[in-house]
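Participant: According to Swiss-Prot, the feature active site, proton acceptor maps to 125, an assignment based on similarity to another entry. Annotation source Swiss-Prot lists ATP binding site at 10, 11, 12, 13, 14, 15, 16, 17, 18, 33. What Swiss-Prot records for 4-254 is domain 'Protein kinase', and it gives sequence analysis as the kind of evidence. Feature annotation from Swiss-Prot assigns region 'Disordered' to 312-346, 365-387.
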């Protein structure tokens, strides 16, 4: 503080105080912001530090400059530029500004925001109060308390920051947001400057949120078209369509007026917000936004407010009612828990409620807000507080609304229709009524009032009394609106349970169907229509879903569904429903019920749909024939309800409702295989009826394919039935009218309500026909160009994927279509980059992208298209493809999320998204990679060796046991699992098959080692692949183990973890009829025996001995017809015999086993002889009891001393040397072994053979007889000449290793030493 003079306080807020000051010894006027540290949490202090760090690096003429910051014992002091005032003061004084001044301010705000966004900084609290006025009329942006500097790994945020009046729609809905939220706020500020009020203003947070989300902006006539267009771009509710960078800079309203500050290149901050994201990053951003999207549809802002209001209402209720009413409430409440559905005849509960519990509040709070105009915003306390400070739980406040404490409960009048109308208005889901629904739910008196009204008025209705209908209809409408408007499923279900819903409703419906006198009343139709609306709203509630937080609601839902299904047949057969409204409403309610069933547990949905084939089959057949009987004279099954009017005399509502209900029964929701299991039998039943020779149902449904309203629903019905019935596919493939209708839909010649979805279903339908029939229905070959046009020119991702699926099927049948490479690559890139909206399960349990991947594979593997692979591998599509696959697999990423945001890191998901890419699609994608890398092998090296390679991460993940278990359980997963595994192994073999830089290869090995790929390969072979397909994984495993010691340890540790299972697999694999597999395994085992200690080798001994320890496996391997197998077996024995006493004992005790070992010495194959001589040599070393048995091998080994293979000569020399100390000197002398070894030592051309011979002679000369022979042969003289030859070598040449052994042997042969 010694640097500044503090002059006067100029502002005060929750943060602290702001003083005007002056820097000592200068005329510089500054603002000093004193922020107390006392009482602030660690989080608040961290946020303050972050704000200071952000401001410290900002240098822009339109952003307040932080000059200094420091701390005292009690405060943090921030020193900034001194501003002349706030922009908000101008609004206070002048109301609004001329457009030219707004234009100048707009250019400066955009300039400041461009600077922040180019540095990846979000302000997150743009409002007039945070815009200061500088000297000369300029503006400066300040208050960076909510600002966030986003790292390169951060794509979107979700934490609620800012002031509600200026919050964007995605922010108030708590959806992930990005920098475009700041741009929305700029639009609000500029609108307020020009008009005098914000574009959305309300004194209630509930009303404000609704306005922001739903209401259009009202445009005064005084705004110029250019300015209006500018604001329209900024105030676009969809952030993806909002005017943003870089287009914002070039808008005519500010073009040429924006100052762009250029700075020297600094550290790489990632892609600035002012530039368009590359496709691969856009894919990541979309995926992250999808992952972090809220699971419910309730904003946290409103949730907190609802909670406050509920607490407030209960608190005031207790204050005003006193102990007596509290006691009465306790005795009148329904006991919690799940009780049997209440019947209408039950005795009504006593109720102390008086009318108008909430009517007074309604009148005082909402009636005055009923005008459609935006109220002028009073300047005092006009802005809602910041959201983080708006709802402090410890200080609940009333948002200007009256509550139940102002109602005189003791002097209320009885119920009136007018009061129910007020309640209806209260629960209507219109912008100004967001508060009341939860208020009603939290009021127990309202719940009892509803229950009482239903009981009392319901009893009157059943007696045909008009007064009962007049009382119950308003209650119905209030209930319907309440069930539709409230999103708090827990509170809503609790209310329904307490009020006796849906039991009372369904009881009313049942009794009304049994009362003939009631059905004669003139008001009966209106009563049923409103009752059906309430039941439909109940079935649509989210607490009926399996994912609901309400545990006992599912049982109530199941009972209600069964009751409704019991009544549906009668409802559809009502004789006096001349207006068709009851049938329509019943069908709509049934459709909603089916949709709720689809999201439920397998047990509940299966029971429901199964009943349509048993006890409720009359409903199912009635629906099917109700659509077709009026048109054609068909036979209706006995008992099936009939629609009483011909279809041609009905409105379009009934056939539309019937077809919609049939589609709801048949169509399986995406990603819910359990639901399809339940519906499959229903589709079988319908398909069987459609395939009957005498049935006219099929032609009737086909004729509806060209009807604007029926088309989409009937397409779904026929498609679902064809999924289960090949016979129906054949019949439809031969129906000219069906094919013509489908072709016309593709060509856009049929006017339908939803062309996009209808076309998508048609494309999949035709794909299914080709797939099932394995040939082209007549005329389909002409569709190639139409479908290709849809694929390359549609911007709807689901259409692109569906068109690709059909093109792939057509291509397999030989249909040609003209696709330009640049066009189909662009189409594929768009489809893989944009968010996927999966509306229908493709045929064959395929994923959303499967058809696209199969088509790409076809296009790239056509003959003469090799150049396309090069173009594709260098395009954006290649990168986007692997990013999309990574997201489908839900791979974990490497950064951490903070403060409610989502970065590139995300916890790994337990299950891949099979709805996007199925096992078949994965196989196609890996085949595409194989084709690409075969053509462009260097691309493979760069993809796999690059640090953090997404492709390498994918390949490693595909070998993980957890993923393979998921793959095996996926639809058709077990079928494609071997293809996936083998493709991955082929791709991982590329670096070892190519000439790769040593450092890069080391990196690849380290990557595979760190992910325990060696262990995973062994587990894959053992648990997931048939024996005939393990050859390639074992080969890769062997390569890894031979090159990397850690991978070898992983192999051994995996065996130790599950010895019984894995040893069993290895035993079978060793004795398989696949020589390459057996050879690789033997090589792996031999390397293990050579490198690791004896404690790790017991499993190898077990493998060779067999379960009965007869060494049958070893005998089989030693006698194997393949040379490579025998050679690797001898090599393995050679390494084992260095350590294993058990194997030495077996050679001695097991009959014929040693003979098999020695038989290898005479093998025709030199490699086998070499390995056999190595094994015999190690058997001879310290042979002990085995020594005499090896005497029979001396002649053979002596003969091999003349073998042309140097390795064999070396091994045999060593073996013979090992036999000397074992008491076989006589046999060695008989075969003239000393003479032969001496000749080798002096004359063999290979130095290593000479060395082995000299070492053998040193060992043998210890036998007196052999020593004497060597002396008699003049060995010393001969060896001396050899030694002299070594000494004559130039000094620069290294001395051979044999020289040392030669000198020592000469010394040992001297007479003095001999004595």
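Just so it is clear, glycine is given a Cβ too, placed from its N, Cα and C backbone atoms.
Each of the listed features needs to be described in terms of its position in the shown structure.
Facilitator: Under the DSSP three-state reduction, residue 125 (active site, proton acceptor) is assigned to coil, being neither helix nor strand.
Mapped onto three states, the DSSP output places residue 12 (ATP binding site) in strand. Every protein chain considered, the tally of other Cβ atoms within 10 Å of the Cβ of residue 12 (ATP binding site) stands at 11.
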Participant: Among all protein chains shown, how many Cβ atoms are found within 10 Å of the Cβ of residue 18 (ATP binding site), not counting that one?
Facilitator: 19
Participant: When you measure from the Cβ of residue 16 (ATP binding site), which residues in the chain that are at least 6 apart have a Cβ under 8 Å away?
Facilitator: 33, 34, 35, 36, 75
Participant: For 10, 125, listed as recorded positions, tell me which one has the smallest number of other Cβ atoms within 10 Å.
Facilitator: 10
Participant: Distance between residue 10 (ATP binding site) and residue 125 (active site, proton acceptor) at the Cα atoms, whole Å?
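Facilitator: Distance between the two Cα atoms comes out at 21 Å.
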Participant: Roughly how many angstrom lie between the C-alpha atoms of residue 125 (active site, proton acceptor) and residue 12 (ATP binding site)?
Facilitator: 18
